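> Got a structure for you, questions after.
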Amino acid sequence: MESKQLLQKLLAGEHCSKEEMQDCMNSIMDGEFSDSVIAALLALLQKKGVVANELAGAHASLMAHATTVALSTHAVDTCGTGGDHGGTYNISTTASLIACSAGVRVAKHGNRSVTSSCGSADVLEALGFTLELPPEATISLFKKTGFAFLFAPLYHPSMKRVAHIRRELGIRTLFNMLGPLLNPAQVKRQLVGVFSEELSELYADVLLQTGARHALIVHASTEEGVILDEPSLNGTTFVTEIEKGVVRKHTLRPEEFGIAPAPLAALQGGDKEHNARIIQSIADGSASAAQRDAALYSSAMACYVGGKCACLNDGFIVAKEALESGKTQAKLKEIIAYNQALVTEYHVAKS
């Protein structure tokens with residue numbers, strides 16, 4: 001479909017088919033559309049509202065343009081859409097480290113911050129992790145430690161085509177929604193945080209289309225009136241679960257896991273150095289109860305989708321044991337140490 005036809009279709013408020021959106025994204029990534037056309041398409045899609053077939057079509061195109069890496073069919077990603085304005089520290093990154101120390105194989109896909117002061121890549125860098133490992137080194141890290149961090153710019157180089165357009169637009173677009181779907185390891189087990197019920201429905205549809213084996217899509221309310229893209233310590237957490245093609249919905253409360261309610265302010269983050277200190281304090285046992293419990297709540301979910309336990313309550317027990325026994329602190333040190341050994345071995349230039 002020509003760009004003019006696409007624009008007319010979106011102006012009329014009509015949805016694109018999966019195939020139309022895949023072709024559209026191919027044209028964008030291959031440099032066939034001008035900047036002005038791309039900006040118009042993104043703005044019109046956002047105004048109309050993106051539907052599942054459009055998201056699935058864009059996903060298919062971007063994965064075809066990506067550098068993929070084979071890690072494990074059991075690997076888990078913990079990733080959120082961002083945009084919830086909760087201002088929390090890097091809970092999903094912390095959860096991935098705790099889950100890894102509990103025996104879950106983690107393939108975390110992430111980037112530097114877009115909507116917060118500190119993204120997953122930022123905080124890992126502050127912990128001493130070098131982001132720019134080549135794929136073969138990342139495979140070695142995963143085999144050795146059970147953890148991989150897949151730095152988005154290395155695996156999705158075609159996204160540079162739209163980076164300046166997204167910056168100039170300054171609004172959320174289709175690309176903000178795609179992040180959790182674009183793991184280069186093509187994981188089939190995920191904990192996905194979203195910031196609305198509508199997005200939960202959308203992601204469930206797309207994850208079914210893309211063959212998810214076990215996924216939890218999470219958003220939560222708070223007493224402060226903020227919607228989070230992670231479990232809440234003082235409100236209701238809404239979970240859409242996908243397992244082997246079946247969709248189930250749950251609601252959770254912190255007290256079900258023995259978690260004491262805590263205000264959102266107790267989970268506030270800051271810059272990458274501040275958030276790295278929080279992660280280190282959780283690992284060494286000196287963090288506040290609220291900081292620890294928020295990480296364990298998400299870790300329980302990662303352990304569950306990773307197949308380490310039969311239910312979320314057992315996942316909480318498994319994650320808590322790993323943290324309190326010192327396994328998480330040891331795992332964090334192991335990951336950073338081997339990452340740095342690989343930097344030397346592969347002559348990686350640090351940014």
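Each residue, glycine too, has its Cβ placed from N, Cα and C.
Straight out of Swiss-Prot:
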BINDING   GLY80, ASN111  anthranilate 1 binding site
BINDING   GLY80, 83-84, THR88, 90-93, 108-116, SER120  5-phospho-alpha-D-ribose 1-diphosphate binding site
BINDING   SER92, GLU230  Mg(2+) 1 binding site
BINDING   ARG166  anthranilate 2 binding site
BINDING   ASP229, GLU230  Mg(2+) 2 binding site
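Could you place the listed features in the three-dimensional structure?
Listed in sequence order, the residues of the same chain lying 6 or more apart from GLY80 (anthranilate 1 binding site) and placing their CB within less than 8 Å of its CB are SER92, PRO180, VAL192, GLY193, VAL194, ASP229, GLU230.
For the recorded site, GLY80 (anthranilate 1 binding site), the DSSP three-state label reads strand.
Taken residue by residue with DSSP, SER92 (5-phospho-alpha-D-ribose 1-diphosphate binding site) is part of a helix.
ARG166 (anthranilate 2 binding site) carries a helical DSSP state (H, G or I). Around ARG166 (anthranilate 2 binding site), a 10 Å sphere centred on its CB holds 19 further CB atoms from the protein chains shown.
Other C-beta atoms found within 10 angstroms of the C-beta of GLU230 (Mg(2+) 1 binding site) number 27, with every protein chain shown included.
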> Per residue, counting other C-beta atoms within 10 angstroms of the C-beta, which of the binding-site residues THR88, SER92, ASN111 reaches the highest number?
SER92
> According to DSSP, collapsed to three classes, what secondary structure does HIS109 (5-phospho-alpha-D-ribose 1-diphosphate binding site) have?
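The residue in question, HIS109 (5-phospho-alpha-D-ribose 1-diphosphate binding site), is strand (DSSP, three-state).
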> Return only the integer: C-alpha distance in Å from THR88 (5-phospho-alpha-D-ribose 1-diphosphate binding site) to ASN111 (anthranilate 1 binding site).
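Given the Cα positions, THR88 (5-phospho-alpha-D-ribose 1-diphosphate binding site) is 17 Å from ASN111 (anthranilate 1 binding site).
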> In the structure shown, with every protein chain counted, which of the binding-site residues HIS109, ARG112 has the densest set of Cβ atoms within 10 angstroms of its Cβ?
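The residue with the densest Cβ neighbourhood is HIS109.
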